[in-house]
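Taking it in order: structure first as structure tokens, then the write-up.
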Amino acid sequence: MIKIPTKILVVDDEKDFVEMLSLRLNETGEKVTPAYSGKECLDLLEKDNIDVVILDIKMPGMDGIEVLKEIKKRFPLIEVIMLTGHGTTETAVEGMKLGAFDYLLKPADFDDLSEKLEGARKKKDEQEERIRKAEAKLLSRKTGGVF
Amino acid sequence: MENIRLLLVDDEEDFRNIIARRLKKRGLSAEQAGNGEECLAMLEKNQADVVILDVKMPGMDGLEVLHHIKKKYQKTEVILLTAHSSTPDGVEGIKAGAFDYLTKPVELEHLLEKIKQAYEKIQRLEDKEKEAEFREKMEQQMIVTERLASLGTLATGVAHEINNPLAIIKEATGWMELLLKKEELAEMPRKADFEKGLGKIEKSVERARRITHQLLDFVQKHDSALSEINLEELVEESVRLINREVVNKDIEIVRKTKPSAGNIWTDPYRLRQVLINLLNNAIHATSPGGKITISSSVLSHFQAPACLRSQASPAREQRKNNSTEAVELRVEDTGQGIPKENLKKIFEPFFSTKSPGKGTGLGLFVSQGIINKLGGNIEVESEVGKGTVFCITLPRYHKTEEEPEKNSRPDFWKKLGL
Ligand SMILES: Nc1ncnc2c1ncn2[C@@H]1O[C@H](COP(=O)(O)OP(=O)(O)O)[C@@H](O)[C@H]1O
Ligand SMILES: [Mg+2]
């Protein structure tokens, strides 16, 4: 079976981390784009087609929570998995309230990450499927399809 | 005022006896001395609160005695008795530190009034002293707390900083492991060696990660943060933290936590602090060979918790009304027990039966404060020589004002499951 790659954007100001996680995820068959700041993340989302964003919460400049808000406003269908420091549960809670799919403590367990990526991807697919169906219905009504 | 220690000093025995008898009738007993030397000798043995002192005495006169008293016993108040004609003596006396003076012949009501005032002054001073002592203790406690807090800040910073490079090492290792599994590397020489090395790195990263997470756990910042926690894990963690003392003392710790007690929504760090306080107390009270049992169970709101069965408690009534599910945590020891007369006092701040270096008397006070804040209740039952049970009941979902209803959607919290 050929795996359909999930298009992932990894956002962290730690360049080495982004690079290593990207290489690892690519090796498991995903398609990863790196970003090193909140701004770069948002710019890339404008251009590229992304399914899931893995987003570090603690970044200089625009922090993860701000980026998350912006993503949810501008690209509501894109799912976000947050990377948080241990003991910052409040931030995780805030992120979940703002619509993040889930969160992981840094350093995260790779199996956990894979599982959550799959969940996020599935959620996004289903959401898109529903929208497609709704649109199809709308279209068939407009064109006077069978009632 | 009945237990006030009075000393009556006058060279006229008849006068002393009359006054003493009258005071007695009003419920005050006074010691007597016939001259200055005798007075000082008596004070040497038993201090007095108030000395009623005649000024005109053969030998050492009243003013001289007053000087001695004020030099040696600052807390003792002196009421001088002067002859009608010698007001200057009285004024002199007050300058030298007497509380006041009365002129002879003495009216009992006046004397009583003066004694009362002097006694009140003494009590005011004592209260002030106690307050100062209390404040000093509090300040010391604050210093300790602050020191811990700044240590915590440092440790937290370090732990966070270390987590980032750890994450990089971890991903790099995982990546290389993936590469080794690729077909193109199937025939790689000494592949097993590489795999072994990577395995070791991975394990060590995991170990370091555990340490940083524990450190971050332990020094959590102090403002309340609620989260969902597993009771069993909490108990496990607390026991681990006090384990060394237990092993040293040869005390057995039994855990009777039921998995069904499950998760509760509360402040994990504070609750753990309470558990550790209770466990430490139990360890202190238990002799080698003894046993400490920690148990947790679920209370449906209708069932009276075992440890509260003796009387209706307001907290239980409340639970009934709100029909909130509650959990119970018990810490039971086979230690020395708590005497009845102390049971009421143990939750007071600074009440401790331990030597100053060992006990602060704040453990239970703080614990009760925390538990009440978390919407729960802490109770104690004890029998001297047999042991003690501390019993905490907590609502399963504790809501604070800042946590509005909509935030407690169950599926939402399940996702956060820590
Ligand atoms: N499990 C116990 N068994 C016997 N006595 C206890 C127990 N727990 C508390 N006490 C009594 O209550 C007092 C107050 O406890 P606490 O507030 O923790 O202060 P501290 O432990 O510093 O003395 C103790 O000094 C002790 O006399
Ligand atoms: Mg204690």
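Quick reminder: no glycine exception, Cβ is built from N, Cα and C everywhere.
Bear in mind that TrEMBL entries carry predicted annotations, made automatically and left uncurated.
Residues or ranges marked as coiled coil by TrEMBL: B:108-135. Panel annotation: around the coiled coil (B:108-135), residues 1, 4, 6, 19, 22-23, 26, 28, 49-50, 52, 75, 77, 79, 99-100, 102, 350 of the same chain, lying at least six beyond its termini, place a Cβ under 8 Å from a Cβ of the stretch.
If you look up TrEMBL, you'll see B:5-119 marked as domain 'Response regulatory'.
Residues annotated as domain 'Histidine kinase' in TrEMBL: B:157-398.
For B:Asp54 (4-aspartylphosphate), the Cβ neighbour count at a 10 Å cut-off comes to 25, with all displayed protein chains included. Summarising the annotation, TrEMBL assigns 4-aspartylphosphate to B:Asp54.
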Any idea what DSSP makes of B:Asp54 (4-aspartylphosphate), helix, strand or coil?
strand
